[in-house]
Number of protein chains: 2
Amino acid sequence: MTTWDELWERNRVYSETHIPRPNLPDVKPSPIIIFCCIDLRVPVQEFFQTSPEGAQLNCGGRVKPNLNDLIFMEATQVGALQNIIVIHHTDCGFTYHTDKGLKEKLNVRHPNLVAEVDSLSWDTFGSSDRLEESVREDLSLLREQNFIRQELKDNAKGYVYDIKTGTLKEVV
Amino acid sequence: MTTWDELWERNRVYSETHIPRPNLPDVKPSPIIIFCCIDLRVPVQEFFQTSPEGAQLNCGGRVKPNLNDLIFMEATQVGALQNIIVIHHTDCGFTYHTDKGLKEKLNVRHPNLVAEVDSLSWDTFGSSDRLEESVREDLSLLREQNFIRQELKDNAKGYVYDIKTGTLKEVV
């Protein structure tokens, strides 16, 4: 288990050889944004052999929570973004849970917060059978967006990543 | 500029030596979740010398968009999470924009979508002077949450990362 003290010390060592980064106006925006799970078994930067290239990491790799970030990029970096990629993966934590089950769990722990629990949603997958369907849902959500260029919507691709084989399978 | 074809080919090469990952029940959950910006100049995995340890990456490193993910972790991995870390950084894209300015920009481009534009929010920083304040806002938001353990709220820490020096400065 990594403690915060260890991370802090690692940052101190890192900073000794850190090369100052350029200011934002001199940085070329990433042409690709990847929606992917935070799961450590899905190492985007390794399997693409790149530093995370605009990787938007959240639970499950769902698009909805970070859709506004995409709108931000479209509004501020006109035309820079060329591809949107959605990656869900096998054995994801989201396959083990349903929103309904999570709410029941929270209601047991917080019986006085029924309304607040009811307002929550995660769009968990509920089952490993739903992985391709969940990718399709996210691609559909993207394609419904008014603030995203048609070209970018047309280029969007979705994949299921297999933690056992390390390969991506395109979802069509 | 990396094209999708190049990324796809890199994944093919990677998969040839990929080591199958264990199933979720055999994986120890990360004790730390880090909210950080997707900006490539803020390489969490480098400056902590670790693979991204539960790094939740979005625009600005804001907590609000991915707060539900934190609630998911608390609900499903009871007690596993020990630290929440919020990192905003110097020269962030969010320092160059205000929500108001972004909406004005979108309204010019989409004059028929005024209500939809009005419903958007990013909690951009608006200025580099607001970096410490924006970290404090995110820590406050965390501490208001009913579904997060008190111990975890008490352990939460916030930092400003300096892209020029590579160092973290604690926000108190």
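Glycine residues also receive a Cβ, built from the backbone N, Cα and C atoms like all the rest.
According to TrEMBL, the Zn(2+) binding site annotation covers A:CYS37, A:ASP39, A:HIS89, A:CYS92.
Shown here: features listed in TrEMBL, placed on the structure.
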| residue | record | Cβ neighbours (10 Å) |
| --- | --- | --- |
| A:CYS37 | Zn(2+) binding site | 22 |
| A:ASP39 | Zn(2+) binding site | 23 |
| A:HIS89 | Zn(2+) binding site | 23 |
| A:CYS92 | Zn(2+) binding site | 25 |
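Report note: the Zn(2+) site is defined by A:CYS37, A:ASP39, A:HIS89, A:CYS92, and the residues of the same chain whose CB lies within 8 Å of the CB centroid of those residues, excluding them, are A:CYS36, A:ILE38, A:ARG41, A:VAL42, A:GLY60, A:GLY61, A:HIS88, A:THR90, A:ASP91, A:GLY93, A:PHE94, A:TYR161, A:ILE163. In the three-state DSSP assignment, the secondary structure recorded for A:HIS89 (Zn(2+) binding site) is strand.
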